[in-house]
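> This structure is in structure tokens; I'll ask about it shortly.
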Amino acid sequence: MSGNSLGKLFCVTSFGESHGPAIGCVVDGCPPGMPISTQEIQVELDRRKPGTSRHVTQRREPDEVEILSGVFEGVTTGTPIALLIRNQDQRSRDYGNIAETFRPGHADYAYWQKYGIRDHRGGGRSSARETAVRVAAGAIARKWLNQQYGVVIRGFMSQLGPIEIPFVDWDEVGRNPFFAPNASIVPALEDYMDELRKSGDSVGARIDVVASGVPVGWGEPVYDRLDADIAYAMMGINAVKGVEIGAGFSSVAQRGTEHSDEMTPEGFLSNNAGGVLGGISTGQDILVSMAVKPTSSIRLDRRSIDKQGDAVVINTHGRHDPCVGIRATPIAEAMLAIVLMDHALRHRAQCGDVSCATPKLARLAPSGVQRVPAPPR
């Protein structure tokens, strides 16, 4: 199986399955000399780990990270950093009824047709369990980005099923299990999820991520465009079916006079581009939004086929997230951090000594308008 690595100069390669002994990753390309500890990585993992509320899977995984290499006396050495998270709460018996059948909407059928073999326990490699190691790698990237450039990356849920969540305050994001930036709407989200869980069905979500403090100049103009790599990384997250940068699909209804971000000596007047023009960062906030589909594993009867091609009716037992989007915010933040660190190193390697006489604009003029405020520093 290829396609398990992301990045060029900062490269993350993950391994492991949902019900295997462990999951992990190798982070290659981190510069030497940066202090890093398991405690710092654990903070991010704890934001994502399962079993933290009644609205997510009740699989109890502590997600305790081990640093196996690449760090000596608490400092990165410049060699590959190996991270390991041991699986401790697998319950493979829950998946016995799908060993010979395929769950509608899941990767089961596609994996079977491609490889001729699949690990049906918890979805194997296709499980969102693997995203824990992406969060661990992202913790390294976001610390380096913040130390070197002051970059701050934060995300939030902007929609749960049919319920849109207006942005109010960054401080609210960490105070509820939905990563919702609006305290007043949390009771409605809880009621909705309680009813959904009772029904046995699932639902999708929309996650927004903002990177503030990204310097102008990161990214490449053609195939390795910054926005293209961001979209590639986000689409690599389990269950993600759509990604927007800036105004995204709403730009279809805009006119050029509205969409183009005017510039003044005081800064940009808007940020419809989402901080990227021509594949290169503008110095404005990077604005990313992604759509997460409903969980495919549900306990309601669904029509499918078995390995012989015969019609069957299946339902899925086990401990599943009724909305995988609830825990997706830390994952999206991590993926954005990994892409940005990779491009930061690439820019430094090629254009580190480039200077330009034109002043760098403020990311937003005092009179400028942006849908989502920048994260607090």
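Residue numbers in this text run from 1 along the chain shown.
The backbone N, Cα and C atoms fix where each Cβ goes, and this holds for glycine too.
Sharing the record's features from Swiss-Prot:
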BINDING   ARG48, ARG54  NADP(+) binding site
BINDING   ARG125, SER126, SER127, ASN238, ALA239, GLY278, LYS293, PRO294, THR295, SER296, SER297, ARG319  FMN binding site
> Just to be sure I understand the packing, how many Cβ atoms besides its own are within 10 Å of the Cβ of SER127 (FMN binding site)?
20
> What is the number of other Cβ atoms found within 10 Å of the Cβ of THR295 (FMN binding site)?
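Summing over all protein chains shown, THR295 (FMN binding site) has 23 other Cβ atoms within 10 Å.
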> Measuring Cα to Cα, how many angstrom lie between ARG48 (NADP(+) binding site) and SER297 (FMN binding site)?
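So the alpha carbons of ARG48 (NADP(+) binding site) and SER297 (FMN binding site) sit roughly 19 Å from each other.
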> Near ARG54 (NADP(+) binding site), which residues of its chain come within a Cβ-Cβ distance under 8 Å, counting only those 6 or more away in sequence?
ASP194, ARG197
> Can you tell me whether DSSP puts ARG125 (FMN binding site) in helix, strand or coil?
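ARG125 (FMN binding site) sits in a helix per DSSP.
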> Give me the long-range Cβ neighbours of LYS293 (FMN binding site): same chain, 6+ apart, Cβ under 8 Å, in sequence order.
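In sequence order, GLY105, GLY204, ALA239, VAL240, LYS241 meet the Cβ cut-off.
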> These are the binding-site residues: ARG48, ARG125, ALA239, SER297. Which one scores highest on other Cβ atoms within 10 Å?
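Going through ARG48, ARG125, ALA239, SER297 one by one, the largest Cβ count within 10 Å is at SER297.
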